[in-house]
Amino acid sequence: MAKANIGKLLLTGVVGGAIALGGSAIYQSTTNQSANNSRSNTTSTKVSNVSVNVNTDVTSAIKKVSNSVVSVMNYQKDNSQSSDFSSIFGGNSGSSSSTDGLQLSSEGSGVIYKKSGGDAYVVTNYHVIAGNSSLDVLLSGGQKVKASVVGYDEYTDLAVLKISSEHVKDVATFADSSKLTIGEPAIAVGSPLGSQFANTATEGILSATSRQVTLTQENGQTTNINAIQTDAAINPGNSGGALINIEGQVIGITQSKITTTEDGSTSVEGLGFAIPSNDVVNIINKLEADGKISRPALGIRMVDLSQLSTNDSSQLKLPSSVTGGVVVYSVQSGLPAASAGLKAGDVITKVGDTAVTSSTDLQSALYSHNINDTVKVTYYRDGKSNTADVKLSKSTSDLETSSPSSSN
């Protein structure tokens, strides 16, 4: 990918040069007749000495956070059997940069938010560090340091890293994301396309303060997260970086963007998303304490009702009024769903007071509760509505994950 990017940059340079030369040729042709007569009167062009105060709220905000935004470098084992095309289409997997025989697989961004003794803590996206064999963090001053993983949470796509604080100058501060306003300035700071563009800043506004965004994880499961929407330019490599307000406070951790419509027919601009700072602070505090996030689990494998064929749906004998829900594919022995009497073929339509039309709805409803809470689950069996009081005594770490269907 690095080679492809350089090629594009060079091509842009050539086109720009051609335009400049063309303009020069036109100017000369229109002034040629008087050139000889005016040579004695020509004067050289000079740079103006007038100074301009360029300090603004934006430049001040960027200055406050720039030293705390870093590049995160993910090294993985080199796959010698991979195609030569992987260097073009596989991110930085073809990079010559390596450490201890490992290959630089990808790069993202991160934010230093805390110093404690000889350590400093960095928050980034989980997908930035996924699959790593080794991690480096490139500081704003150019120093590259080793990083270790304190903890991560796939569901919220957040991770906490620990590095030496020796060269750390500043740490970022978090704003209260519950007080954000649509239309207020938003600035993204990170490393788009990798560390060669480290500490790139782009400016926009907050387009929305709360959006439900559906993410597809590497294992195929989908999750719903709450996100801030912005039109500040966010590109590959910005993941894990800072979205800041006009005071230089972090209001979100940049995470994703929409580039095309779902069917790929229309390109999209200005739809970037960040995890709100209040959610970030809640998760990183738990990751620092426990290294993981414990969430309640039902103990089922499931499939969305909408994904079943007409023939399969008819066998469930559902009333015509039931058009959405989650079909229990199997029940794991010893977990809450089994203890409450749920069986394969049941169709869950509600958890507590929250309607469930998909697996992401079920996850969102379930994860709003704590372990050992008791919730009422509404489901259909043989066409009849039933309820079960389910004690959420187990966590997601107790789940079997070998099935291709979603688990919870």
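Here the Cβ of each residue, glycine as well, is placed from N, Cα and C on the backbone.
Features as listed in Swiss-Prot:
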{"type": "ACT_SITE", "residues": "HIS127", "note": "active site, charge relay system"}
{"type": "ACT_SITE", "residues": "ASP157", "note": "active site, charge relay system"}
{"type": "ACT_SITE", "residues": "SER239", "note": "active site, charge relay system"}
{"type": "BINDING", "residues": "GLY237, ASN238, SER239, LEU298, GLY299, ILE300, ARG301, MET302", "note": "substrate binding site"}
{"type": "DOMAIN", "residues": "302-383", "note": "domain 'PDZ'"}
{"type": "TRANSMEM", "residues": "6-26", "note": "transmembrane segment"}
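If you compare Cα positions, ARG301 (substrate binding site) sits closest to ASP157 out of the active-site residues HIS127, ASP157, SER239.
Proximity note: of the listed recorded positions (HIS127, LEU298, GLY299, ILE300, MET302), HIS127 have a CA within 10 Å of the CA of SER239 (active site, charge relay system), given in sequence order. The Cβ of LEU298 (substrate binding site) lies under 8 Å from the Cβ of LEU335, PRO336, ALA337, LEU342, LEU362, LEU366, VAL377, VAL390, LEU392, ASN408, each on the same chain and at least six residues away in sequence.
DSSP assigns ARG301 (substrate binding site) to a strand. A mean pLDDT of 94 is what the model gives for the domain 'PDZ' (302-383). Checking Cα-Cα distances from HIS127 (active site, charge relay system) against the recorded positions (ASP157, GLY237, GLY299, MET302) with a 10 Å cut-off leaves ASP157, in sequence order. Spread of the substrate binding residues is 36 Å (greatest Cα-Cα distance among GLY237, ASN238, SER239, LEU298, GLY299, ILE300, ARG301, MET302).
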